[in-house]
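Below you'll find the structure, written out as C-alpha coordinates, and then a few comments.
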Amino acid sequence: MASYFGSRYQLRIVYGAYVNLMVVLALQVFMGNARITNLSHSAFMGIGAYVAAICVTPVAMKAISLPNAPWGLSTFALDPITSALIALFLTGLFAVLVGLFIVRLSGTGATIFSLALLVIVHSIFLYRTDIFKGNQAFFGIPQVFTLASAVTLAVLMVFIVRGFRESCWGIALRASADDEVGAASMGVNFFRLRLIAWVLSGILLGVAGIAYAYYLGTISARPFYFNHVFLTLAMLILGGMRTVTGAVLGTFLISFGLEWVRWLETGPEVLGIDLPEVLGLSGVTLGAVIVLTMALRPGGIMGDREIEELVLKK
(Lines of atoms letter the chains of each structure in order from A and count residues from 1; the text may use other names and numbers.)
(Lines give C-alpha, C1' and ligand atoms only; values in the text may rest on other atoms or scores of the structure.)
Protein backbone atom coordinates (compact mmCIF):
# COMPACT_ATOMS: atom_id res chain seq x y z
CA MET A 1 0.00 0.00 0.00
CA ALA A 2 2.84 2.38 0.85
CA SER A 3 4.48 1.76 -2.53
CA TYR A 4 1.16 2.49 -4.26
CA PHE A 5 1.01 5.97 -2.76
CA GLY A 6 4.72 6.54 -3.42
CA SER A 7 6.06 6.79 0.12
CA ARG A 8 5.21 6.11 3.72
CA TYR A 9 4.92 9.87 4.26
CA GLN A 10 2.25 10.15 1.58
CA LEU A 11 0.43 7.16 3.03
CA ARG A 12 0.43 8.85 6.42
CA ILE A 13 -1.04 12.02 4.89
CA VAL A 14 -3.87 10.04 3.29
CA TYR A 15 -4.50 8.13 6.52
CA GLY A 16 -4.55 11.40 8.46
CA ALA A 17 -7.12 12.78 6.03
CA TYR A 18 -9.44 9.86 6.74
CA VAL A 19 -8.99 10.23 10.50
CA ASN A 20 -9.82 13.93 10.16
CA LEU A 21 -12.85 12.96 8.09
CA MET A 22 -14.08 10.81 11.00
CA VAL A 23 -13.61 13.78 13.35
CA VAL A 24 -15.42 16.22 11.05
CA LEU A 25 -18.29 13.78 10.51
CA ALA A 26 -18.62 13.37 14.27
CA LEU A 27 -18.65 17.16 14.61
CA GLN A 28 -21.39 17.42 12.01
CA VAL A 29 -23.70 15.19 14.04
CA PHE A 30 -23.96 17.78 16.81
CA MET A 31 -22.96 21.08 15.22
CA GLY A 32 -24.77 20.53 11.95
CA ASN A 33 -28.04 19.45 13.55
CA ALA A 34 -28.12 21.30 16.89
CA ARG A 35 -26.50 24.46 15.43
CA ILE A 36 -24.22 24.74 18.47
CA THR A 37 -20.47 25.16 18.05
CA ASN A 38 -18.48 22.46 19.85
CA LEU A 39 -14.82 23.16 20.64
CA SER A 40 -14.17 20.09 22.77
CA HIS A 41 -14.06 17.44 20.05
CA SER A 42 -10.30 16.92 20.24
CA ALA A 43 -10.72 16.08 23.93
CA PHE A 44 -13.10 13.21 23.13
CA MET A 45 -10.75 12.00 20.42
CA GLY A 46 -7.91 12.05 22.95
CA ILE A 47 -9.93 10.11 25.52
CA GLY A 48 -10.65 7.38 22.99
CA ALA A 49 -7.01 7.24 21.91
CA TYR A 50 -5.54 7.16 25.42
CA VAL A 51 -7.97 4.65 26.91
CA ALA A 52 -7.44 2.25 24.01
CA ALA A 53 -3.68 2.77 24.20
CA ILE A 54 -3.51 2.10 27.94
CA CYS A 55 -5.60 -1.05 27.60
CA VAL A 56 -3.87 -2.54 24.54
CA THR A 57 -0.19 -1.72 25.11
CA PRO A 58 1.81 -4.81 26.17
CA VAL A 59 2.85 -5.01 29.81
CA ALA A 60 6.55 -5.04 28.89
CA MET A 61 6.16 -1.73 27.05
CA LYS A 62 4.09 -0.21 29.86
CA ALA A 63 6.91 -1.00 32.28
CA ILE A 64 9.01 1.41 30.23
CA SER A 65 6.46 4.04 29.22
CA LEU A 66 4.25 4.00 32.35
CA PRO A 67 6.45 2.74 35.20
CA ASN A 68 4.49 4.70 37.84
CA ALA A 69 0.97 4.14 36.53
CA PRO A 70 -1.66 3.98 39.32
CA TRP A 71 -4.54 1.53 39.78
CA GLY A 72 -2.62 -1.34 38.24
CA LEU A 73 -2.88 0.12 34.74
CA SER A 74 0.56 -1.20 33.83
CA THR A 75 -0.15 -4.77 34.96
CA PHE A 76 -2.49 -5.92 32.17
CA ALA A 77 -2.90 -5.81 28.40
CA LEU A 78 -6.06 -6.57 26.46
CA ASP A 79 -6.65 -7.41 22.81
CA PRO A 80 -7.30 -4.50 20.39
CA ILE A 81 -11.04 -5.15 20.01
CA THR A 82 -11.73 -5.34 23.75
CA SER A 83 -9.57 -2.27 24.32
CA ALA A 84 -11.50 -0.36 21.66
CA LEU A 85 -14.85 -1.35 23.17
CA ILE A 86 -13.73 -0.19 26.63
CA ALA A 87 -12.49 3.08 25.13
CA LEU A 88 -15.80 3.68 23.37
CA PHE A 89 -17.79 2.84 26.50
CA LEU A 90 -15.81 5.27 28.66
CA THR A 91 -15.87 7.97 25.99
CA GLY A 92 -19.64 7.55 25.65
CA LEU A 93 -20.11 7.60 29.43
CA PHE A 94 -18.08 10.80 29.68
CA ALA A 95 -20.17 12.30 26.86
CA VAL A 96 -23.38 11.45 28.73
CA LEU A 97 -22.19 12.99 32.00
CA VAL A 98 -20.99 16.17 30.32
CA GLY A 99 -23.93 16.28 27.94
CA LEU A 100 -26.46 16.46 30.77
CA PHE A 101 -25.12 19.95 31.46
CA ILE A 102 -24.15 21.25 28.04
CA VAL A 103 -27.49 20.54 26.32
CA ARG A 104 -29.27 22.89 28.73
CA LEU A 105 -27.06 25.84 27.89
CA SER A 106 -27.65 28.44 25.21
CA GLY A 107 -25.56 28.48 22.04
CA THR A 108 -22.85 30.81 23.36
CA GLY A 109 -22.89 29.25 26.82
CA ALA A 110 -22.56 25.75 25.38
CA THR A 111 -19.63 26.82 23.21
CA ILE A 112 -17.79 28.36 26.16
CA PHE A 113 -18.54 25.23 28.21
CA SER A 114 -17.07 23.04 25.47
CA LEU A 115 -13.95 25.23 25.31
CA ALA A 116 -13.47 24.92 29.06
CA LEU A 117 -13.92 21.15 28.73
CA LEU A 118 -11.16 21.02 26.12
CA VAL A 119 -8.77 22.93 28.38
CA ILE A 120 -9.57 20.74 31.41
CA VAL A 121 -9.13 17.44 29.58
CA HIS A 122 -5.93 18.59 27.88
CA SER A 123 -4.53 19.74 31.23
CA ILE A 124 -5.18 16.27 32.65
CA PHE A 125 -3.43 14.69 29.66
CA LEU A 126 -0.55 17.10 30.10
CA TYR A 127 0.06 16.95 33.84
CA ARG A 128 -0.92 13.39 34.78
CA THR A 129 2.30 12.12 33.26
CA ASP A 130 2.08 8.91 35.29
CA ILE A 131 -0.92 7.91 33.16
CA PHE A 132 -0.76 9.89 29.91
CA LYS A 133 2.92 10.89 29.55
CA GLY A 134 1.99 14.50 28.81
CA ASN A 135 3.82 15.89 25.77
CA GLN A 136 6.20 12.95 25.85
CA ALA A 137 5.47 10.05 23.53
CA PHE A 138 3.22 7.25 24.78
CA PHE A 139 4.76 4.48 22.70
CA GLY A 140 4.42 0.75 22.25
CA ILE A 141 0.81 0.76 21.01
CA PRO A 142 0.24 -2.17 18.62
CA GLN A 143 -0.15 -0.83 15.08
CA VAL A 144 -3.12 -2.94 14.04
CA PHE A 145 -4.82 -0.48 11.68
CA THR A 146 -4.09 0.07 7.99
CA LEU A 147 -5.34 2.60 5.47
CA ALA A 148 -8.05 0.13 4.49
CA SER A 149 -9.22 0.12 8.14
CA ALA A 150 -9.51 3.90 8.16
CA VAL A 151 -11.35 4.00 4.83
CA THR A 152 -13.79 1.34 6.01
CA LEU A 153 -14.51 3.17 9.26
CA ALA A 154 -14.89 6.51 7.49
CA VAL A 155 -17.35 5.11 4.94
CA LEU A 156 -19.33 3.41 7.71
CA MET A 157 -19.37 6.67 9.63
CA VAL A 158 -20.71 8.53 6.59
CA PHE A 159 -23.72 6.20 6.55
CA ILE A 160 -24.23 6.54 10.32
CA VAL A 161 -24.05 10.34 10.28
CA ARG A 162 -26.22 10.60 7.18
CA GLY A 163 -28.71 8.17 8.70
CA PHE A 164 -28.95 10.30 11.83
CA ARG A 165 -29.40 13.46 9.77
CA GLU A 166 -32.32 11.99 7.85
CA SER A 167 -33.88 10.25 10.86
CA CYS A 168 -36.81 11.66 12.79
CA TRP A 169 -34.35 12.65 15.54
CA GLY A 170 -32.16 14.62 13.16
CA ILE A 171 -35.07 16.36 11.47
CA ALA A 172 -36.66 17.28 14.81
CA LEU A 173 -33.32 18.49 16.18
CA ARG A 174 -32.77 20.82 13.22
CA ALA A 175 -36.32 22.09 13.56
CA SER A 176 -35.80 22.83 17.26
CA ALA A 177 -32.51 24.59 16.47
CA ASP A 178 -34.33 26.93 14.10
CA ASP A 179 -37.31 27.52 16.42
CA GLU A 180 -37.09 26.16 19.98
CA VAL A 181 -40.42 27.59 21.07
CA GLY A 182 -42.26 26.29 18.03
CA ALA A 183 -40.66 22.85 18.33
CA ALA A 184 -41.49 22.66 22.04
CA SER A 185 -45.11 23.56 21.30
CA MET A 186 -45.22 20.55 18.97
CA GLY A 187 -44.01 18.28 21.77
CA VAL A 188 -40.35 18.07 20.68
CA ASN A 189 -38.00 17.45 23.61
CA PHE A 190 -34.97 19.21 22.18
CA PHE A 191 -32.89 18.65 25.33
CA ARG A 192 -33.14 14.90 24.80
CA LEU A 193 -32.41 15.23 21.08
CA ARG A 194 -29.35 17.37 21.78
CA LEU A 195 -28.11 14.80 24.27
CA ILE A 196 -28.52 11.97 21.75
CA ALA A 197 -26.59 13.93 19.12
CA TRP A 198 -23.90 14.93 21.64
CA VAL A 199 -23.33 11.37 22.85
CA LEU A 200 -23.28 9.96 19.32
CA SER A 201 -20.79 12.64 18.35
CA GLY A 202 -18.61 11.80 21.36
CA ILE A 203 -18.58 8.08 20.59
CA LEU A 204 -17.68 8.69 16.94
CA LEU A 205 -14.86 10.98 18.07
CA GLY A 206 -13.66 8.12 20.26
CA VAL A 207 -13.58 5.92 17.16
CA ALA A 208 -11.40 8.51 15.43
CA GLY A 209 -9.04 8.57 18.41
CA ILE A 210 -8.73 4.79 18.40
CA ALA A 211 -8.01 4.79 14.65
CA TYR A 212 -5.33 7.43 15.25
CA ALA A 213 -3.61 5.48 18.03
CA TYR A 214 -3.88 2.07 16.36
CA TYR A 215 -2.14 3.31 13.23
CA LEU A 216 0.63 5.54 14.58
CA GLY A 217 1.54 3.38 17.56
CA THR A 218 2.64 6.52 19.42
CA ILE A 219 0.54 9.37 20.82
CA SER A 220 1.02 12.46 22.97
CA ALA A 221 -1.17 15.22 24.38
CA ARG A 222 -0.05 17.80 21.82
CA PRO A 223 -2.29 16.75 18.87
CA PHE A 224 -5.47 16.87 20.97
CA TYR A 225 -5.64 20.62 21.45
CA PHE A 226 -6.30 23.94 19.75
CA ASN A 227 -4.43 23.35 16.49
CA HIS A 228 -6.47 20.25 15.75
CA VAL A 229 -9.68 21.90 16.94
CA PHE A 230 -9.37 24.78 14.49
CA LEU A 231 -8.12 22.56 11.66
CA THR A 232 -11.19 20.34 11.82
CA LEU A 233 -13.53 23.29 12.40
CA ALA A 234 -12.16 24.91 9.25
CA MET A 235 -12.87 21.71 7.33
CA LEU A 236 -16.48 21.65 8.50
CA ILE A 237 -17.02 25.39 7.95
CA LEU A 238 -15.55 25.33 4.43
CA GLY A 239 -17.60 22.37 3.23
CA GLY A 240 -20.76 23.36 5.07
CA MET A 241 -21.65 22.15 8.53
CA ARG A 242 -25.30 21.47 7.72
CA THR A 243 -24.59 18.58 5.34
CA VAL A 244 -22.62 15.35 5.41
CA THR A 245 -21.43 16.03 1.86
CA GLY A 246 -20.02 19.35 3.05
CA ALA A 247 -18.12 17.62 5.85
CA VAL A 248 -16.52 15.20 3.38
CA LEU A 249 -15.72 17.88 0.80
CA GLY A 250 -14.22 20.33 3.30
CA THR A 251 -12.07 17.64 4.89
CA PHE A 252 -10.39 16.55 1.68
CA LEU A 253 -10.01 20.07 0.28
CA ILE A 254 -8.16 21.30 3.36
CA SER A 255 -6.27 18.06 4.09
CA PHE A 256 -4.60 17.99 0.69
CA GLY A 257 -4.65 21.75 0.09
CA LEU A 258 -2.63 22.34 3.25
CA GLU A 259 0.03 19.90 2.06
CA TRP A 260 0.50 22.05 -1.02
CA VAL A 261 0.69 25.17 1.17
CA ARG A 262 3.28 23.50 3.43
CA TRP A 263 5.32 22.75 0.33
CA LEU A 264 5.22 26.44 -0.58
CA GLU A 265 6.36 27.30 2.96
CA THR A 266 9.71 25.61 2.33
CA GLY A 267 10.63 28.03 -0.46
CA PRO A 268 10.62 25.68 -3.45
CA GLU A 269 11.71 26.42 -6.99
CA VAL A 270 8.71 26.94 -9.28
CA LEU A 271 9.18 27.48 -13.03
CA GLY A 272 12.81 28.38 -12.44
CA ILE A 273 11.95 30.92 -9.73
CA ASP A 274 13.25 30.39 -6.20
CA LEU A 275 10.40 31.29 -3.89
CA PRO A 276 11.25 32.59 -0.40
CA GLU A 277 10.49 30.63 2.73
CA VAL A 278 7.23 31.77 4.29
CA LEU A 279 7.04 30.30 7.77
CA GLY A 280 3.54 30.10 9.19
CA LEU A 281 1.85 30.25 5.79
CA SER A 282 -0.29 27.19 6.56
CA GLY A 283 -1.66 28.79 9.72
CA VAL A 284 -2.44 32.04 7.89
CA THR A 285 -4.13 30.08 5.11
CA LEU A 286 -6.28 28.15 7.56
CA GLY A 287 -7.36 31.34 9.30
CA ALA A 288 -8.12 32.98 5.96
CA VAL A 289 -10.27 30.02 4.94
CA ILE A 290 -12.39 30.35 8.09
CA VAL A 291 -12.74 34.15 7.87
CA LEU A 292 -13.47 34.28 4.13
CA THR A 293 -15.93 31.39 4.23
CA MET A 294 -17.89 32.88 7.14
CA ALA A 295 -17.89 36.32 5.49
CA LEU A 296 -18.65 35.34 1.90
CA ARG A 297 -20.51 32.04 2.20
CA PRO A 298 -21.62 31.34 5.79
CA GLY A 299 -23.29 28.09 4.79
CA GLY A 300 -20.08 26.71 3.30
CA ILE A 301 -19.64 25.32 -0.19
CA MET A 302 -22.60 22.94 0.03
CA GLY A 303 -24.95 25.13 2.05
CA ASP A 304 -28.00 23.03 3.01
CA ARG A 305 -27.76 20.63 0.07
CA GLU A 306 -26.46 17.08 -0.05
CA ILE A 307 -24.78 15.83 -3.20
CA GLU A 308 -27.84 14.02 -4.57
CA GLU A 309 -29.87 17.22 -4.27
CA LEU A 310 -27.39 18.97 -6.55
CA VAL A 311 -27.43 16.08 -9.01
CA LEU A 312 -31.23 15.86 -9.12
CA LYS A 313 -31.54 19.62 -9.46
CA LYS A 314 -29.45 19.45 -12.62
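Note that Cβ sites are derived from N, Cα and C of the backbone, with glycine treated the same way.
For 12-31 (among others), the entry in TrEMBL reads transmembrane segment. If you look at the transmembrane segment (12-31), the same-chain residues 6 or more away from its ends with a CB under 8 A from one of its CBs are 5, 37-38, 41-42, 44-45, 147, 150-151, 153-154, 157-158, 161, 164-165, 194, 197-198, 200-202, 204-205, 207-208, 211-212, 215, 228, 231-233, 235-236, 239, 241, 243-244, 246-248, 250-252, 255-256, 259.
The annotation transmembrane segment is assigned in TrEMBL to 43-64 (among others). Within the chain, the transmembrane segment (43-64) has long-range Cβ neighbours (under 8 A, six or more residues past its boundaries) at 23, 26, 73-80, 82-84, 86-88, 90-91, 94-95, 117-118, 120-122, 125, 131-132, 138-142, 201-202, 205-210, 212-214, 219, 221, 223-224, 228.
Outside the transmembrane segment (76-103), and at least 6 residues removed from its termini, the chain residues within Cβ reach (under 8 Å) are 44, 47-49, 51-52, 55-59, 62, 110, 113-114, 117, 142, 144, 191, 194-195, 198-199, 201-203, 205-207, 209-210, 214. Taken from TrEMBL, the feature transmembrane segment applies to 76-103 (among others).
Among the features that TrEMBL reports, transmembrane segment is placed at 109-127 (among others).
Through the fold, the transmembrane segment (139-161) approaches residues 1, 11, 14-15, 18-19, 21-22, 25-26, 28-29, 52-53, 56-58, 61-62, 64-65, 80, 200, 204, 207, 211, 213-219, 244, 247-248 of its own chain, all at least 6 residues removed from its boundaries and within a Cβ separation under 8 Å. Annotated transmembrane segment per TrEMBL: 139-161 (among others), in sequence order.
Look at TrEMBL and you will find 195-217 (among others) tagged as transmembrane segment. The list of residues near the transmembrane segment (195-217) in space but at least 6 beyond its ends in sequence, with Cβ under 8 angstroms from a Cβ of it, reads 15, 18-19, 22-23, 25-27, 29-30, 33-34, 38, 41, 44-50, 52-53, 56, 80, 84, 87-88, 91-92, 94-96, 98-100, 102-103, 139-146, 149-150, 153, 157, 160-161, 164, 169-170, 173, 223-224.
Look at TrEMBL and you will find 229-258 (among others) tagged as transmembrane segment. Long-range neighbours of the transmembrane segment (229-258) within the same chain, counting only residues 6 or more positions beyond its ends whose Cβ lies under 8 Å from a Cβ of the stretch, are 13, 16-17, 20-21, 23-25, 27-28, 31-32, 37, 39, 41-42, 118, 158, 161-162, 165, 282, 285-286, 289-290, 293-294, 299-307.
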Tertiary contacts of the transmembrane segment (109-127), as residues 6+ beyond its ends and Cβ separation under 8 Å: 36-40, 42-43, 46-47, 50, 98, 101-103, 134-135, 221, 224-226, 229
